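Worksheet: the structure to be examined is printed underneath.
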Amino acid sequence: IANINSTNMRLRLPLLCIILEVILIILFGTLVEYNDDTHAKLWNENRTDSDTRNDHENEFYYRYPSFQDVHVMIFVGFGFLMTFLQRYGFSSVGFNFLIAAFSLQWATLMQGFFHGLHHGKIHVGVTSMINADFCTGSVLISFGAVLGKTSPVQLLVMAIFEVTLFAVNEFILLSILGVNDAGGSMTIHTFGAYFGLVVTRVLYRPNLDKSKHRNSSVYHSDLFAMIGTIYLWMFWPSFNSAITNYGDPQHRTAMNTYYSLAACTLATFAFSALVNPEGKLDMVHIQNAALAGGVAVGTAGEMMLTAFGSMIVGFLAGTISVLGYKYLTPVLESKLKIQDTCGIHNLHGMPGVLGAVVGAVTAALASPDVYGHGLQRVFADVETGKWNPQSRGGFQAISLAVTLGMALFGGLITGFILKLPIYGAPPDTHCFEDGLYWEVPGEEEGHQELYEVATPNEVEKLSS
Amino acid sequence: IANINSTNMRLRLPLLCIILEVILIILFGTLVEYNDDTHAKLWNENRTDSDTRNDHENEFYYRYPSFQDVHVMIFVGFGFLMTFLQRYGFSSVGFNFLIAAFSLQWATLMQGFFHGLHHGKIHVGVTSMINADFCTGSVLISFGAVLGKTSPVQLLVMAIFEVTLFAVNEFILLSILGVNDAGGSMTIHTFGAYFGLVVTRVLYRPNLDKSKHRNSSVYHSDLFAMIGTIYLWMFWPSFNSAITNYGDPQHRTAMNTYYSLAACTLATFAFSALVNPEGKLDMVHIQNAALAGGVAVGTAGEMMLTAFGSMIVGFLAGTISVLGYKYLTPVLESKLKIQDTCGIHNLHGMPGVLGAVVGAVTAALASPDVYGHGLQRVFADVETGKWNPQSRGGFQAISLAVTLGMALFGGLITGFILKLPIYGAPPDTHCFEDGLYWEVPGEEEGHQELYEVATPNEVEKLSS
Amino acid sequence: IANINSTNMRLRLPLLCIILEVILIILFGTLVEYNDDTHAKLWNENRTDSDTRNDHENEFYYRYPSFQDVHVMIFVGFGFLMTFLQRYGFSSVGFNFLIAAFSLQWATLMQGFFHGLHHGKIHVGVTSMINADFCTGSVLISFGAVLGKTSPVQLLVMAIFEVTLFAVNEFILLSILGVNDAGGSMTIHTFGAYFGLVVTRVLYRPNLDKSKHRNSSVYHSDLFAMIGTIYLWMFWPSFNSAITNYGDPQHRTAMNTYYSLAACTLATFAFSALVNPEGKLDMVHIQNAALAGGVAVGTAGEMMLTAFGSMIVGFLAGTISVLGYKYLTPVLESKLKIQDTCGIHNLHGMPGVLGAVVGAVTAALASPDVYGHGLQRVFADVETGKWNPQSRGGFQAISLAVTLGMALFGGLITGFILKLPIYGAPPDTHCFEDGLYWEVPGEEEGHQELYEVATPNEVEKLSS
């Protein structure tokens, strides 16, 4: 049995992965069923005639392209965005892969449990796949805060708790309060960001500067990260629109997001150059702040925000995000002891809150004059007659408060659980280092071996 | 205030970005409205019944997947294709990002203005998003000619003019002459290429060889560039078919492009090995010439070109493109003083002209025998009774001449505007160098710092 | 004329490419026609009314998004997955590009020839494009076995034979035996894997360890390979569902694959850490074994396998794949003289066989109780009244045997043809080396030139 302080994953990681997957398989076997659109019997019972038009109306054709775009954002977008660190590319894209693959299964169960069991069963189809990927996104946002300072076992444990609380929060917002949040400014971004920030606060490492030399990028790692950035940027319109109602809401959401992001990008370049004494652009800003426009229209995107409104929101989001990276992140670290590796507070935290506020205001300003018969297709409670724009705006604002509360509370609990010294977390001297958890190849022939640092495990072994 | 010759972007870039975005926001607020498919009120007024089939007919479901493929080509395709330079990856993908984000907003206004205002308003939806991305593509082609030799401020100024003239040329071709050019052999590729070539001619730098050592690739930069190439190649069928009519034209265009590209790829490999004394393949050819087949069926792709015809066109395009890189580009530089960094003349210029000619010939050969009732779905003026294949072929040929004229004229004007010494263009000694405009990280630990060249700004600062 | 042992491609590669493409063009001109959905006349003859709904039913809108995902897997997925070798990135992505571009054209002809000529003509549309890409995938799997040890001429010759035999085998399975294999566990993966393994056995190089130092990865090459892995992983649901029937089968297949892959990923991480003495993860496993879950539901994915069943299959597939890399691959090499560069036996061979067995069992267990009216939409012979689950299970099993036989026989013949010393194969000392067939740039300024090895051609030239 390995030393409890060792970072050796040989027993811990396989045991946890296998136990989790076995539990998942048992629960799926017990609880999960095909929904009407994926079940051979049920889909074909519902056929009114024998022509193929019926098959063309399967939700697959109207949701699956969006699903695939979201899927790319989760696995390529988040995964490569975090490869900016010079020696943490394997872990960034690899652990992202692992915890996403786990989270989407666990989220299917948790969301299915809260969002309506059908005779005790969870019904799955492309919409549940999108929702599971959304919940996964939230976990990956939190991952960004603790990047480089956690073992894969810790990350899986974090995912277990975060997915669960995500589903609770989502249930409160969407089912109890009945608010709008199709693109997840609140449920995904605000929740994931503040949850992760609290976790990293609890896991504060006073001696992290021992790994400071690895906590930065190199030329090619920044280019790999740009792959992540650009994919997130391009597919964000699909993300925000993936589960809106069909027709005009989905179309409008994609377009609003497109304009918000375009305006955000110009703001990002402008302020990145402005805050640098030599007027040089900073890759950290471009990689991250240019995406804030997508976050900030996550709630209001499906509303009649207009291209004009979207561009204003996007411009603001990019601006606060760059300023956050430049001026707020150092303060959070030095004063509040929040070590936020990827700066998720700037990309998901503040823009998420902005998105919630914009959503509340836009909802409060909604009127039948502007939306016509489309009003009930955006705001679910119109049909029930209970609809009132001001109260809707109020519920949107309450939802933000609930989300912040859930995130802070959940992050606190989870942070203390993750602090137990049993997960093989990296020592302060070996953070941001792939070599702890991965077989890392040498450099090209003729180069000196770059990755020959002795890991704590090896030191331990040598000295035993 | 910085020295007028300084490359310091601290004031110039933020000012320009913010002014442009504010103008865009004001114009969008004044002029832009949701179209029928994105407007909550209008879309739902048009509903004939309450079933969901109606929503499934929203143009979103038939255009948006194509839009996303085009979007990937613009941001990943063009962006990464240009990362082949050893020290210009940040600028390639970053400036591509900036000028594309600006151009798509400006193009929405310019194209909307020329292509039909609705009661003084520009109506936007997924089709306008595709068209804006197309126009952006043209700007990015021109970017390829001046790559490494221009500041981001210059590039934005170029985009302002090029987008405007693109919209004028597109209006003349599509609305006045009424010709076909769904994939933009003329409007996008020929226009973008010759515009950019004239600009780079006007900006001729006799002492560019001072930066010669940076005007080449390294091993990994060539692999990054292949990401761009492959995405462009794969999604070109979506590009050419994105705004054709629904049904057979869209389907046929995608397939013709697929075959043209496949044949082009074999020609590219064949001639790349043939023109090398040792029979070795050249990455420049593979990265670029293999795409010429997509350019060359940009006009005729929607016509009954057949797989057979598409493959011949693709094979020719790949051949002339490789030969152009090998034999023509050096002559253009030495004799005509056209310094074409990416060889856009070989990828977009000659294949674009070939595509225009193929389009004219294919249109002239069109007949009701071959097209049946589908004739009017490809050639818009059939219904009006004015249709005549020979005259249509003639108009197609005239369109090529108009496009060349517009590109040469526009490039000349724009080139002289860009020559003003106020934009912070790089000095001859520091072209193809990210360090001028970006904070560039060092190499991995243990390596020598590669990017420690002193930039002109720093020299200036030190000596002041 | 070059020495027959020379690796100089100057004559051989261009000649072969041009001859092949000319033959393809002639055959396409003679045999290939637009199908009903791509032909201007035929599509519009079939219109029952003038509304646009008809155009929305063109198969383009229901197949093309799947096609594009498959296309990405073929060109980015396979291409970049193989870039893991330190000095073989150009060849991996470049030769993948070349042989895929050739194979998809040749496959269109071969598959069209076997799967039903229409009055002597091959009809093409988006479905034939998907099928051609599928066949190409099989060739690329075989490429993985011989990666680094073959010239591009050899690879093209291999593709000629493999595509032909693939089409024969597919014809026997789908048209004669009438079995299910929508995602190609048998036709694509098992066939491609064992074909390639036999080829590499015949081409056995006893002195391959002279190139051993190049037969491994470096840090960034592993990250490039992860681009391939992640794209394959994300889009595998589209791959398996691309040509199933519309409606519930397509939707269900995508979802089953999604769950299989998620479970497979957890198994891969678990066993990768478990088999390493220090508990470190191995990039080879993550890059490859995590994909085995997609292979293993290639046959049963469209059946009522359930998420539960899919996850069990995926978990098993990941497990055997990692164990194969760790324990079986070294034995295959040392005892059976099978030098399998990418370990395709672990990713495609064993999981493909597993997939065939799972398919046979799932088919044998199918019943009208579970499938209802959907039964005939999954199993084609239900309508004819001949359907019997047990015999169907038997036919599925026979199909696996046929596939293995065809692969072994075809690989043997092809291997001996490829052994002729006329193709410019690399010498044992220069395997896994781009410099033989590509102009390779130097490293960044200030670095020593890494790629200055003299190739055999150059040695020959110097000594002549």
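First residue shown is number 1, and so on along the chain.
Each Cβ is built from the backbone N, Cα and C atoms, and glycine gets one as well.
Automatic prediction, not curation, is the source of TrEMBL annotations.
Copied over from TrEMBL:
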type	residues	note
TRANSMEM	C:12-32	transmembrane segment
DOMAIN	C:55-420	domain 'Ammonium transporter AmtB-like'
TRANSMEM	C:70-90	transmembrane segment
TRANSMEM	C:97-117	transmembrane segment
TRANSMEM	C:129-148	transmembrane segment
TRANSMEM	C:155-177	transmembrane segment
TRANSMEM	C:183-204	transmembrane segment
TRANSMEM	C:216-236	transmembrane segment
TRANSMEM	C:256-276	transmembrane segment
TRANSMEM	C:283-301	transmembrane segment
TRANSMEM	C:307-328	transmembrane segment
TRANSMEM	C:349-367	transmembrane segment
TRANSMEM	C:397-418	transmembrane segment
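Confidence for the domain 'Ammonium transporter AmtB-like' (C:55-420), expressed as mean pLDDT, is 96. Same-chain residues lying 6 or more positions outside the transmembrane segment (C:349-367) and placing a CB less than 8 Å from one of its CB atoms are 179-181, 183, 185-186, 188-191, 193-194, 197, 292-293, 295-300, 303-305, 309, 313, 316-317, 320-321, 324, 375, 378-379, 389-390, 392-394, 396-397, 399-400, 403.
Using a cut-off of 8 Å between Cβ atoms, the transmembrane segment (C:283-301) and the transmembrane segment (C:12-32) share fewer than three residue pairs, counting only pairs 6 or more apart in sequence. Residues 96-97, 100, 130, 133-134, 136-137, 140-141, 143-144, 147-148, 214-218, 221-222, 224-225, 227-229, 231-232, 235-236, 238-239, 242, 283-284, 287-288, 341-342, 432-435, 438, 440, 451 of the same chain sit 6 or more residues outside the transmembrane segment (C:70-90) yet have a Cβ under 8 Å from a Cβ within it. The stretch from C:12-32, C:129-148, C:216-236 that makes the most Cβ contacts under 8 Å with the transmembrane segment (C:183-204) is C:129-148.
Only residues 6 or more beyond the boundaries of the transmembrane segment (C:397-418), in the same chain, are considered here, and those with a CB under 8 A from a CB of the stretch are 142, 150, 154, 157-158, 161-162, 165, 168-169, 172-173, 177, 179, 181, 186-187, 190-203, 353, 356-357, 360. Beyond the transmembrane segment (C:256-276), the same-chain residues lying 6 or more positions past its ends with a Cβ under 8 Å from any Cβ of the stretch are 183, 233, 236-237, 239-241, 282, 285-286, 289-294, 296-297, 300-302, 305-307, 309-319, 321-323, 326-327. At the 8 Å Cβ threshold, with sequence separation of at least 6, the transmembrane segment (C:155-177) lacks contact with the transmembrane segment (C:307-328), having fewer than 3 such pairs.
Residues 17, 20, 24, 27-28, 31-32, 74-75, 78-79, 123-124, 128-129, 131-133, 135-136, 139-140, 143, 152, 155-156, 158-160, 163-164, 166-168, 170-171, 174-175 of the same chain lie 6+ residues outside the transmembrane segment (C:97-117) yet bring a C-beta within less than 8 angstroms of a C-beta in it. If you look at the transmembrane segment (C:129-148), the same-chain residues 6 or more away from its ends with a CB under 8 A from one of its CBs are 63, 66-67, 70-71, 73-74, 78, 82, 85, 88, 91-92, 95-96, 99-100, 103-105, 107-108, 110-111, 115, 154-155, 158-159, 162-163, 166-167, 170, 184, 187-189, 191-193, 195-197, 199-200, 203, 211, 214-215, 242-243, 339-344, 347-348, 411, 426, 431-433.
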